[in-house]
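The Mg(2+) binding site annotation in TrEMBL covers E130, E132, E187, E194, H243, E331. If you look up TrEMBL, you'll see R296, E302, R314, R333 marked as L-glutamate binding site. For R314, the entry in TrEMBL reads ATP binding site. What TrEMBL lists as domain 'GS beta-grasp' is 14-100. Positions annotated as domain 'GS catalytic' by TrEMBL: 107-433.
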Amino acid sequence: MMKKEELLKIINKLNIKFIRLQFTDILGKIKNLALPAKNLINNLDDGIVFDGSAIDGFARLKEKKMYLKPDYNTFKVLPWRSKRGDRVARLICDVYATEKQPFAGGPRNTLKKVRSRFEELGYTMFVGPEIEFFLFKNGNARAAETLSYDSNSYFDLETTSKGREVRKEIVLVLNQMGFKVKETHHEVAPGQHEISLQDQGVLAAADDIVTAKFVIKSVADQYGLQATFMPKPVYGKTGSGLHLQQSLFKNGKNVFWDERQSLNLSKIAKCYINGLLEHAVGFTAITNPTVNSYKRLVAGYEAPVSTTWSSGSRNSLLRVTTTAGENKKIELRNVDAIANPYLALASILQAGLDGIKKERETSLVKQLPQDLNTALEELKKDEVIQTVLGKYISDKFITAKKIESDVYQTQIHDWELKRYLDMFRQNKIIDPI
């Protein structure tokens with residue numbers, strides 16, 4: 001754990017001029033407060049005061065005065081800003097309601113609580129995120145046109161692709177920031193890409209997802225492109241997900257692995273799996289939080305539609321890797337990258353922990369929600385997920401998403417106009433007289 005004195009030395013040594021304090025609102029949007037480095041140094045002890053009344057999920061009068069407390073371990077220099085001579089760094093912050101009390105609506109605080117429940121039992125959860133995204137020409141988001149010169153597909157060798165150059169630059173920037181990129185490649189659809197990050201502790205993994213999305217968007221913009229994590233931006237093409245590979249360690253050993261059992265899965269692993277399967281319907285609104293999310297979760301596009309698991313099928317909700325020993329992992333495949341990673345991982349881990357504590361050996365196969373409204377109703381009914389989110393976050397999230405769904409339902413879409421506008425049109429009748 002980095003201490004305050006170490007952070008100050010690094011800031012001075014690197015001649016950092018400005019520091020961006022980042023946090024996410026309940027809906028997962030990255031918020032940013034930029035300060036001259038000298039101002040931050042003078043306010044580290046008490047936290048940095050900000051107006052929380054204008055932030056989604058923080059919008060009550062009594063929440064106007066709130067505090068940001070930086071996590072020193074998240075200090076990163078932003079390479080693309082440093083090239084200009086005004087070195088800029090960032091710190092991810094926890095949100096506090098008072099100088100001493102964490103804010104009940106802080107997503108990062110929620111994940112930290114769940115992590116502590118695992119730690120109390122001697123467990124450490126590691127997560128490896130696989131982030132999928134599309135690159136579009138700037139200004140073509142509405143038409144959803146992928147790059148005209150990108151007709152590549154899964155694992156294709158891109159010899160002249162601008163997308164390949166962007167992806168390479170993203171990896172270089174992440175490496176400069178100290179991130180370990182496991183692999184990167186072109187995905188199934190034209191203009192679609194994936195970047196897989198090294199496994200980290202669950203809180204660090206959530207921080208990494210937030211940062212990677214920020215970097216991907218920033219680098220793409222420098223190339224005149226738009227990166228999007230929209231789950232299903234192109235009709236008839238595979239959508240984008242956020243696959244989460246999970247492994248659970250105790251005393252330095254992966255407790256998901258047991259070479260004596262079928263598929264080398266331990267009893268703890270099976271209980272964890274059944275916990276996820278049992279609560280997946282309940283946490284789908286958190287892991288798939290937009291109306292567009294449910295256009296990805298359809299059969300035929302390597303996306304799950306029901307609470308099943310397997311050792312190979314990409315259509316299953318959970319896929320157990322065939323790797324051995326400490327590399328044994330359970331991959332959750334329904335999540336999309338628009339989800340708030342802190343709330344998504346908190347819900348997922350609590351579901352798995354519930355399975356372990358109850359020694360759940362089976363779970364009935366259920367269909368995943370097919371639309372956001374249904375998912376929100378299922379979220380209300382799941383007591384385990386409700387408990388981990390807390391009443392504050394749950395109420396704010398459901399209210400915001402219900403409004404989003406209702407607005408969507410009243411919109412007139414292009415498909416409807418093409419289908420119905422000229423319906424019952426008759427050929428012109430020529431009067432013979």
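A Cβ is built for glycine as well, from the same backbone N, Cα and C atoms used for every other residue.
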Using the Cβ centroid of R296, E302, R314, R333 as the reference point for the L-glutamate site, which residues of the same chain not in that list have Cβ within 8 Å?
T238, G239, G241, H243, Y301, A303, P304, N315, N334
R333 (L-glutamate binding site) has how many other Cβ neighbours within 10 Å of its own Cβ?
22
Neighbourhood of E194 (Mg(2+) binding site) by C-beta distance under 8 A, where only residues 6 or more apart in the same chain count:
E130, I131, E132, F133, T184, H185, H186, E187
What is the Cβ neighbour count of H243 (Mg(2+) binding site) at a 10 Å cut-off, with all protein chains included?
20
Whole-number Å distance between the CA of R314 (L-glutamate binding site) and the CA of E331 (Mg(2+) binding site)?
10
Remaining residues near the recorded Mg(2+) site, that is with C-beta within 8 Å of the centroid of the site residues E130, E132, E187, E194, H243, E331:
I131, S196, G241, L242
State, in Å as a whole number, the widest CA to CA span among the L-glutamate-binding residues R296, E302, R314, R333 given in the record.
13
If I take the Cα of H243 (Mg(2+) binding site) as reference, which of the binding-site residues R296, E302, R333 has the closest Cα?
R333
What is the separation, in Å, between the Cα atoms of E302 (L-glutamate binding site) and E331 (Mg(2+) binding site)?
14
With DSSP assignments reduced to helix, strand and coil, which class does R296 (L-glutamate binding site) get?
helix
What number of additional C-beta atoms lies within 10 angstroms of the C-beta atom of E130 (Mg(2+) binding site)?
20
